[in-house]
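Taken from Swiss-Prot as is:
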ACT_SITE  HIS178  active site
ACT_SITE  CYS220  active site, nucleophile
DISULFID  CYS253-CYS267  disulfide bond
DISULFID  CYS430-CYS460  disulfide bond
DISULFID  CYS442-CYS477  disulfide bond
CARBOHYD  ASN151  N-linked glycosylation site
CARBOHYD  ASN336  N-linked glycosylation site
SIGNAL    1-20  signal peptide
Amino acid sequence: MTRLASGVLITLLVALAGIADGSRDIAGDILKLPSEAYRFFHNGGGGAKVNDDDDSVGTRWAVLLAGSNGFWNYRHQADICHAYQLLRKGGLKDENIIVFMYDDIAFNEENPRPGVIINHPHGDDVYKGVPKDYTGEDVTVEKFFAVVLGNKTALTGGSGKVVDSGPNDHIFIFYSDHGGPGVLGMPTSRYIYADELIDVLKKKHASGNYKSLVFYLEACESGSIFEGLLLEGLNIYATTASNAEESSWGTYCPGEIPGPPPEYSTCLGDLYSIAWMEDSDIHNLRTETLHQQYELVKTRTASYNSYGSHVMQYGDIGLSKNNLFTYLGTNPANDNYTFVDENSLRPASKAVNQRDADLLHFWDKYRKAPEGTPRKAEAQKQFFEAMSHRMHVDHSIKLIGKLLFGIEKGPEILNTVRPAGQPLVDDWGCLKSLVRTFESHCGALSQYGMKHMRSLANICNTGIGKEKMAEASAQACENIPSGPWSSLDKGFSA
């Protein structure tokens, strides 16, 4: 291996290890015993209680969205397929489940089990039977918003299914992909921005076409999508894989314990996602509340105070007293498996930073490929292309900060984090404009570059506009790199 390859490998290993801070406390000390929580919420916790035992009260609806493509992002579509199987076993009908996924994983040439997707090292196929509602180029922001709003006339392509809900219905939305401060990835064209998503949820509430809505969100910095934006009073309860400033984590990854079967070179799931689904898989969900699951997922996703993230909750927290059955149904096979602490907390899972999972895939693919084969050469090329793109984006953003604010003030302004409870940016239109300006001169941010959204938001918050940003970007980037990660073939991300 060349010196450069060795150096990059060391960089990768350091990145995958993360930064351990022995003083931090991810899980905190607020985990109640499930029995105590159950008594609190059912014997005087306050507020109106949904009759979770009455199937005749409203219809359950679900929207499941995997926002990525590419085999290195296997885990996101695996999460979504697993969620579909869980909901079907819970009694939801296909007509009430809308699935968005690119669908390039099951029959991908990299898949060691063609036509099969697994979400656990010893798991069953979760791909079989999943409806192809919106796949490929139909997985767009516009179609997702139209589906949530029940706007059939805005749809072309796909199955045409929408959330055609009524005032007594309950809606569950689950998203899994990469994210960044204020933004969620999509496999086509532009990304989902927090202000637009919140506007859609407000419109859905104003229509009077649901009784309550639960949103589970798997992405890096996912707390920033709701923090300071999702207000009480919309009958919406949301939990996120991480707070507004940190990465979420992939799990069941190569080299970890437990890891995927040896023929796999990619992570099978995401830590927050498998935490809530593996909990739901084994319990009678008539006896478990959203709050109980939140606490359990919070503990497991924190990896018991090692590597992990802070699971957060937003919106109408009072809805968390509702049983999961209200949104997910329940598998009759679990009728005798009441939620109690002794059978709920699973062993800790090792995890990989969400943004490093693609590098891990390329490295594992390279490591396993026989010497001198095209596969080994391809893996090496993919690895170096990804690393080169990362270095380009990081350098460009840092240089733009210094050009705009000076060598000393630049890093300080770019890295500023607003106090908890405040939204990421004052002017979302400015943020989107600066994203387009940066990408016009420097190339696509990509799933990795989304991490710099806070820096671009901070530039907006200082009053810098499009013209000054264009001038600095032109100085920082003489041209757009030719690699696939920088390509703008699919358009701008804003």
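Backbone N, Cα and C define each Cβ position, glycine as well.
Each of the glycosylation sites ASN151, ASN336 was scored by the number of other CB atoms within 10 Å of its CB, and the largest score is that of ASN151.
A C-beta separation below 8 Å, combined with a sequence spacing of at least six in one chain, links CYS430 (disulfide bond) to CYS460, GLY465.
Fewest other C-beta atoms within 10 Å: among the disulfide-bonded residues CYS253, CYS267, CYS442, CYS460, that description fits CYS460. Checked against ASN151 (N-linked glycosylation site), the recorded positions HIS178, ASN336, CYS442 differ in C-alpha distance, with HIS178 being the nearest.
The two recorded residues CYS477 (disulfide bond) and CYS267 (disulfide bond) have their Cα atoms spaced 34 Å from each other.
Cα-Cα distance from the residue listed as 'active site' to the residue listed as 'active site, nucleophile': 6 Å (rounded to the nearest whole number). On its own chain, CYS220 (active site, nucleophile) has HIS178, GLY179, GLY180, ALA241, SER242, GLU246, SER247, SER248, GLN354, ARG355, MET450, LYS451 as residues at least 6 apart in sequence with a Cβ closer than 8 Å to its own Cβ. The Cβ neighbour count for the residue listed as 'active site', using a 10 Å radius and every protein chain shown, is 28.
A helical conformation is recorded for CYS442 (disulfide bond) in the three-state DSSP classification. Reported as a whole number, the C-alpha separation between CYS442 (disulfide bond) and CYS253 (disulfide bond) equals 32 Å.
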